[in-house]
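J.: First the structure, then my questions, so here it is.
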Amino acid sequence: MTLTSPPRTRADSRHSWVPAAAGWTVGVIATLSLIASVSPLVRWIIRVPREFVNDYIFNFPDTSFAWAFVLALLAGALAARKRIAWWILLLYMVAAVGWNVADLLTGDESVVEEMGEVIGLAFHLAAVAFLLLARPLFWARVRRGALFKAAGVLAAGMAVGVLVGWGLLELFPGDLERDYRLAYAANRVFAFAGVDPDAFDGQHPHVVVNALLGLFGALALMAAAIVLFQSQRSENALTGEDESAIRGLLELYGKNDSLGYFATRRDKSVVFAPNGRAAITYRVEVGVCLASGDPVGDPKAWPQAIDAWLALCGTYGWAPGVMGASVGGAEAFRAAGLSAIQLGDEAILHPDSFRLSGPDMRAVRQAVTRARRAGVTVRIRRHRELSPEQMAEVIAHADAWRDTETERGFSMALGRLGDPADSDCLLVEAVQGETGGERSDPGSGTVVAMLSLVPWGSNGASLDVMRRSPQSPNGTIELMVSELCMQAEDIGVTRISLNFAMFRSAFEQGAQLGAGPVARLWRWLLVFFSRWWQLETLYRSNMKYQPQWVPRYACYEDARLIPRVGVASVIAEGFLVLPFSRRNKQHTGHHTSAPQDLVASGVLHHDGTAPDMSGLRTDTADDEPPRLPEQVRVRMAKLKALQADGVDAYPVGRPPSHTAAAAVDSPDDVELDVAGRVLRIRDYGGVLFAQLRDWSGEVQLLLDNSTLEQGSTADFTAAIDLGDLIEATGTMGYSKNGTRSLLVRHWRLTGKCLRPLPDKWKGLTDQEARVRARYVDLAVNTEARDLIRARSGVLHAIRDTLYHKGFLEVETPILQQIHGGANARPFLTHINAYDLDLYLRIAPELYLKRLCVGGVERVFELGRAFRNEGVDFSHNPEFTLLEAYQAHADYHVWIDGCRELIQNAAMAANGEHVFLRPRDDGVLEPVDISGPWTVKTVHDAVSEALGEHIDAATELPTLRKLADAAGIPYLTHWDEGAVVLEMYEHLVEDRTEKPTFYKDFPTSVSPLTRPHRSIAGVAERWDLVAWGVELGTAYSELTDPVEQRRRLQAQSLLAAGGDPEAMELDEDFLQAMEYAMPPTGGLGMGVDRVVMLITGRSIRETLPFPLARPR
């Protein structure tokens, strides 16, 4: 995936071509000079134009490695728009103008020579003019470096080169006069053959000698350049204060960045956002400023850090590039004008879901088994747990087992081991023949492999070093990774970042069946280069652990710079090692990049350890407080004022002596105290009235300055807002208008309400707001409290009724391996401890029947069930379900039993046997439900609705014809029972009002019900329906295990065929049934729907906290 953005450029100019043209021109001369110094053929081919250029335009000796090297550096600097290169070229051109003018003024030149001088003068004047006009385009500076040290190396190198060259000329002088040999050597070594050879008497020395003299100068220049470039990196590397600031940012914001800790690698440089809350670490290679990973720090400050980094790139003429950015980081760089391309994927393991079981982990499982059989055990320690001697041994192993001369890595490697600042790093060792068994016990075995992982936030680890001895058994690495995941909980690790797999998608796509020729060719190339760079090996070593793949991106400014950024990345990561690169050298910079105010605060440490976090939070992480409504801000200010005065706004509670309702009925001379929420306040100066509500009711408080023992009513007004919780103590009495009131002597605040209550008269009028803020609805709305009481009364009445009949209440599992007991779509979840998919139960039926088999003759469960179905006024995904089973009974027994349960519940909630039903005007009116209820068969009820007689023997074509006539849809694969059930639901259930029992359902739609004892084709089952809502169902339970198995197998076939509501085959339940269950009548009742009809409200209104769609 590639994210592109418009390229960032400075203001365009008519002379923008000058830097590139100057660089190319000088570069061509440098290239030709180098080739001519090596090849006599090329030197002969370009002799004539070279001599013209050398005489009149630009110094171009026949052989000079030194001059070629100088010009190469100058060409690169000009192309990079370095200001110092502009000055050098300008001064050279100005000097050349002077030389040409001087030669013309002497007047002793031939006509041809004068023409050459004029051409050269014109070229130099034009070059000076264009360079002056293009001066603003050469803005780039040069980084600080050890300039004097480099100059000393250059001087010493040149001196040695001149002396060696002088000696060489003494040995092979040709016809060169002795007096000129030293000067000739100096001209060739450090004057770049700038003096005309004709100035020296005698014939020139052999061309090989000239080439060697130029090579001596080139070597001196190279040595000086190497010293300068290396000093630039070391001078500008991280200082202790920089590293300390980075560690502080990582502690504050680094919990999501698996590569964040690698920002402390000490051969990197750093640039901070101006506010110090974010930073970017980078390294400069081949003119590319290569940032490693995401910015470190507050994501809100990433744009400022990126802007500072890009400004730095512009200052020094570097091309910006990024290696290993995450999706969020790539988006941030893209917003700053860079483009991004997916580089590969990082392998993330989650130990809580890591298992060696399963076919996908077979290879790892077998490798682990082999390693264990070889006697390998794993030891895991923090670096701080190792003694200096033990750490020295670890470092020795890491160096000895490294398969390259230098350590690789840049964006995903730390580059050091054993530093005291890295004490939180993890060390995982594979030990062969170890006798110790503890995690941190050094044991007595031989270490054969090791992993070192750096911290990833507070609960993660990111792989830094992986080493194994050539003598380690096969499977050692797999064993270490597996044991790390298995023991992760003990060491506080919840996520592990393994190696980075570059071009992972290319390997996968190229290996797929039907991959195109381009994909296969690209994969072949990657496999070919993997012989040296281990691309495929890293991919396969990660893939076998079944990790989560997290994409990482490379960012660049312009598509033309992709090859250059790629080369810089290859050099930085260590795949291409340049001479004298000193990758293993630890740097400590000399110029702190952290903001000066942060350095001056004193929180940073010189040794690079994490800073004082309290000071760092104050200085760098002071986020703006969230914007709050005005009333909330006022209340917050009042809370702070109270706390400043020593008032505890949230004290420890103490039970009040009376409820509000009891206080109203108490005698006047009894001192009492009440507690509740203030709903209204009326202030009349020295007298104040407040309405206090608790769960029992309301009481009016009367505060009078003359009766208050301490403080005044003004103190109450200043401290208390509507909604606050208070305690008040006093005696009962009457106000002047005769209202029964608590005459308050003293009071205290027990809970400050920081958000205003809704309108004191209307309350919460929006139904959605009432659902989402039920706590507020309960605080201000007596109707909401009545519904809570009614629901509690219904549950209590159901339990009491069953208890009095001798039923035993039990609890069965909510998490179930097989969904059964009803035809419904289940919720699926997963248990990490057993790596097992589970269902939230749709019904407790199958477990309750197991209890019946065990001899529990009267049993019930009143609890929660879950069905992943629609939500409406009568359906909720999570609901309360009653299931009860009575041995030696049938479904007829439960007709009276169910009616009694509901009537008792109605009595508990409403005080009489009534349902509340809304009239046309919305007012609820009671509907009597006392006495017996109507009982009908399903076929009789459908016949009444159709006007045509049907029964269990009616054939399918006839039923379809009747359904078509009634406009009832059906599916072609349905049998007779399913068609009858569909007509029943549309024509009977939806139109039923008074509570009615519909019995004897078709057998095919009742898989857990026994067949009717006398009527073929129907089952002993009834449904209770009232006002279009199914309230309950009861069965004469199927106890025949053979028939039960046949029906459940049919259901399992439907489930295998894609029916999400069909029950799965529960073999354990079937085995239980084979031990024989007594004849049993079972009842299932939806308690939420019963409460709904008793109270006249929807299910959402009767539930304290119904499921609400996210805002």
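Yeah, the Cβs are placed from backbone N, Cα and C, and that goes for glycine too.
Take a look at what Swiss-Prot says about it:
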REGION    1-612  region 'Phosphatidylglycerol lysyltransferase'
TRANSMEM  18-38  transmembrane segment
TRANSMEM  60-80  transmembrane segment
TRANSMEM  84-104  transmembrane segment
TRANSMEM  118-138  transmembrane segment
TRANSMEM  152-172  transmembrane segment
TRANSMEM  209-229  transmembrane segment
TRANSMEM  308-328  transmembrane segment
REGION    613-1111  region 'Lysine--tRNA ligase'
DNA_BIND  674-747  DNA-binding region
BINDING   ASP1023, GLU1030  Mg(2+) 1 binding site
BINDING   GLU1030  Mg(2+) 2 binding site
J.: Under 8 Å Cβ-Cβ from ASP1023 (Mg(2+) 1 binding site), six or more apart in the same chain: what's there?
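T.: Residues satisfying the criterion: GLU989, PHE997, TYR998, LYS999, PHE1001, GLU1030, GLY1032, THR1033.
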J.: Taking the region 'Lysine--tRNA ligase' (613-1111) alone, what is its mean pLDDT?
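T.: Summarising the region 'Lysine--tRNA ligase' (613-1111) by its mean pLDDT gives 89.
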J.: When you scan the chain for residues with a C-beta under 8 Å from the transmembrane segment (84-104), skipping those not six or more beyond its ends, what do you find?
T.: 22, 26, 56-58, 74, 77-78, 113-114, 117-118, 120-121, 124-125, 127-128, 131-132, 135, 138, 142
J.: Need the DSSP three-state call for GLU1030 (Mg(2+) 1 binding site) to compare against my parser.
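T.: Once the DSSP labels are grouped into three classes, GLU1030 (Mg(2+) 1 binding site) ends up as strand.
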J.: According to DSSP, how is the DNA-binding region (674-747) divided among helix, strand and coil residues?
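T.: Its residues divide into 7 helix, 42 strand, 25 coil.
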